[in-house]
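Enquirer: Below are the structure tokens for one structure; questions will follow.
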Amino acid sequence: MAWLGTIANNVLRNIVFSDTPPNVVQEVRPDQYSNRHIHSREDGIVLYGPGGKNQDKYEIVLHRPCTETLHQAYSLFRSETLEGAETRFLIYKDKVPVLVQIVREMCHVGKIQKLCDTLVEHPTWTLAHLAAYFALHDAFMHAIVNSQLNSGDSETGISPLQVAVQTNNLRTVEMLIAAKSSLEHLDHNANTVYHYAATSTKEIILALGSGLPNSLNSRNSNGHTPMHVACLNDKPECVKALLLIGADVNISASEGQPSSPGYVGDFLHNKPNVLHAEDMKFGGTPLHWSRSREVITALIDTNCDIDALNFDGRTALHVMVMRKRLPCVVALLSHMASVNIVDNNGNTPLHYAVEAETPAIVQALIGFGSDVDARNWKAETPRHKANVDTTEGNKIIYLLDAVGAQRCPSEMKDCHLGCKHDENYTGIAPSEPPQYVPRTILDQMLHVSGMEKMAEHGNHKRIKGGRLLCLDGGGIRGLVLIQTLLEIESVLRKPVVQCFDWIAGTSTGGILGLGLAAGKSLRECQALYFRIKENAFVGSRPYNSEGLEKVLKECLGAHTVMADIQKPKIMITGVLADRKPVDLHLFRNYEAPSMILKLPENGMFKSTLSPQEQLLWKAARATGAAPSYFRAFGRFLDGGLIANNPTLDAMTEIHEYNLALKATNRENEMIPLSLVVSLGTGLIPTTYTLNEIDVFRPESLWDTAKLAFGISALGTLLVDQATASDGRVVDRARTWCSMIGVPYYRFNPQLSTEVAMDEKSDEILVHMIWNAKAFMHANRDVVQELATIIGRDSSLEKD
């Protein structure tokens, strides 16, 4: 009856196989193939030819070894053509039988099916690739598999380790690393194992470790590092893991000039949750993904490239502007981030600030030099992108117009009232602050009189030297000085420090003057002031001076002395408080008039240091020792207590210097004063006060309260008057210059609100800077007149 069973099996097999796809693995009986023609044979696998009726297909059958069973086999593939069967046989013959034999768990229909399907998809994979893919750890104990551990697939170049990483199997990865699989292997697209890990898990990345920085930071054929791949695939945890093991954050997604490496692993290890994961998919550096000023500052300290671009061609500044993070914007600007870099659409950060309707950020970017007329690839300026339908948008139009932003040309389409070429709408202006009693007419009369006097003396054609720049005190309001000088410098088209022969400064003006003389640019000084604000104004008054002194040493040099500055001549005011009455002291980089005349010093007090001994940073610290803000610096207090506006004292010093030269037969060195430029730190709004200022003998409890208020108000009045830098102080200087025929220019912007000397608010400070820029734009004709006078100086031609 056996023949009847055979017939039944054949009938059943034909019924099943006739409805089964040709590549589906089926369990069969070996005796069914006893009469079939064998076309090809390898160990354990046979390609059978057609066998007659109801067996008209070529068939690949896997036989289990005779030592295990004689009654089990697997039909792997069936084909009506010999060519198709032979192709599949060549793919299977060296791999399927071997793996099924050495890994017993593979001897199952489902697993053999997966193995065959994988080989069809990756026909050139080796046994090691397959073992890695299926996590067949025991297979690697066999030499035939282990010998292929570092072999690359002939089609893609992928290695078994890269396959294991791709499958996200941590145990397999760890086993292959322990087996000395190469971490430096590159596939045909130059992908390292780290490129594959970039889309896997953070655990796998950490398992790969940081031992091969070249592989970790190499670019593939698309120009992407593993970090870029993780960002593109929106894998924030992988991004963080790559940073932890030492990925270089400064490698740009676009092939450009390489910058010095930046590593933030230690920082992220201590602060793992400070980055904004949502922004990682756009690429860039951790600066692009930061959410706070503190993080940005710390990352810059680790050498993160501040102007690196993400996949959209945007810098970290672009991103922070788009996210409306003013503290982050200011932090980047105060570390010299470039404000006019354009993204892939040609937009500058200012374009996005206008779109985001953030007036404070618009003011910050304008103050730090953003081009208000920059055009993107659609020829749109920031002014064109302002929204006239919102209050904030109309405020921004005014902010742009007040600093000279141009309207669109006539050919520009889709313009609004605020930018159209033939309209005159300039946005919503803030209310005007109360101002001092105007002296415009008197000031003009004095100016004209001085010019006439200069013409009478024959000095209107050519001058040589004698140009004086005076910088008032005012704490953080020194930012106004910087902005004013930036506007003057833009007209002069030359570093402003090269256009003056004398620079006099008090307090913040002294610090700025020393910074310029030491070779710092105005933009560097602007950034420095914001860093001083963050590092020095910490805690409550009086502030610890360590932060200020650290910044001053970094800026001016820890060992630079006054005599190291050759030009211009510098005089920085300080107050010697070790005597009564207190005395004004000038820190100089030249011989004092008393030294030229060899006058004896007052033996009662310790001598001051000579220019060859006086350190720059200590002079800066002394002139900025404002009472109640910082501790006294030895015997020195802030120079603003005597000369907050140093103009008259500087003019006195120059006259005494020339007289001393004349008295010692050095007339050839005498250069009379030819120009005075005085810069203030902002006029505070005039206010009406009802404070009681009378001080008297109290006769009742109510009188006692009034006395207390009166003493307080009187103290404030005395301090204000002692440190006054405007009003009659300016009138005296202007009149003196008019009398001697020396042109006098005073620039002091009207502030909209009173700004404290230790103001910390970014919003208030950037508004103050914008105020200064708008003021200088409104007075551009005066600035141009000043530039013309400076341009007549013949000594400039030799600089």
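A Cβ is built for glycine as well, from the same backbone N, Cα and C atoms used for every other residue.
Straight from TrEMBL, here's the annotation block:
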ACT_SITE  SER507  active site, nucleophile
ACT_SITE  ASP638  active site, proton acceptor
DOMAIN    469-651  domain 'PNPLA'
REPEAT    156-188  repeat 'ANK'
REPEAT    222-254  repeat 'ANK'
REPEAT    312-344  repeat 'ANK'
REPEAT    345-377  repeat 'ANK'
MOTIF     473-478  motif 'GXGXXG'
MOTIF     505-509  motif 'GXSXG'
Enquirer: Give me the CA-CA distance between SER507 (active site, nucleophile) and the residue listed as 'active site, proton acceptor', in Å, as a whole number.
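Expert: Here the two Cα atoms lie 6 Å apart.
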Enquirer: Relative to the Cβ position of ASP638 (active site, proton acceptor), how many further Cβ atoms are located within 10 Å?
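Expert: Neighbour count, Cβ to Cβ under the 10 Å cut-off: 28.
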Enquirer: Which residues of the chain, 6 or more past the ends of the repeat 'ANK' (156-188), have a CB below 8 A from one of its CBs?
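Expert: Apart from its flanks, the repeat 'ANK' (156-188) reaches 125-126, 128-129, 131-133, 135, 137, 140, 146, 148-150, 196-197, 200-201, 203-204, 207-208, 211-212, 214-215.
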Enquirer: With Cβ-Cβ distances below 8 Å as the criterion, list the same-chain residues six or more beyond the ends of the repeat 'ANK' (222-254) that contact it, or say none.
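Expert: Hits for the repeat 'ANK' (222-254): 189, 192, 194-195, 197-202, 205-206, 208-210, 213, 216, 260-265, 268-269, 272, 275, 277-278, 280-287, 303-305, 308-311, 313.
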Enquirer: Report, as a single number, how many Cβ atoms besides its own are within 10 Å of the Cβ of SER507 (active site, nucleophile).
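Expert: Excluding its own Cβ, SER507 (active site, nucleophile) sees 35 Cβ atoms within 10 Å.
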Enquirer: Grab the pLDDT values for the repeat 'ANK' (345-377) and give me their mean, rounded.
Expert: 94
Enquirer: Quick check on the motif 'GXGXXG' (473-478): DSSP residue counts for helix, strand, coil, in that order please.
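Expert: Tallied per class, the motif 'GXGXXG' (473-478) gives 4 helix, 0 strand, 2 coil.
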Enquirer: Please list, for the repeat 'ANK' (156-188), how many residues fall into helix, strand and coil according to DSSP.
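Expert: Here the numbers are 16 helix, 0 strand, 17 coil.
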Enquirer: Within the repeat 'ANK' (345-377), how many residues are helix, strand or coil going by DSSP?
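Expert: Split by secondary structure, the repeat 'ANK' (345-377) comes out as 17 helix, 0 strand, 16 coil.
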Enquirer: According to DSSP, how is the repeat 'ANK' (222-254) divided among helix, strand and coil residues?
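Expert: The breakdown for the repeat 'ANK' (222-254) reads 16 helix, 0 strand, 17 coil.
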Enquirer: With DSSP, how much of the motif 'GXSXG' (505-509) is helix, how much strand and how much coil, in residues?
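Expert: Here the numbers are 2 helix, 2 strand, 1 coil.
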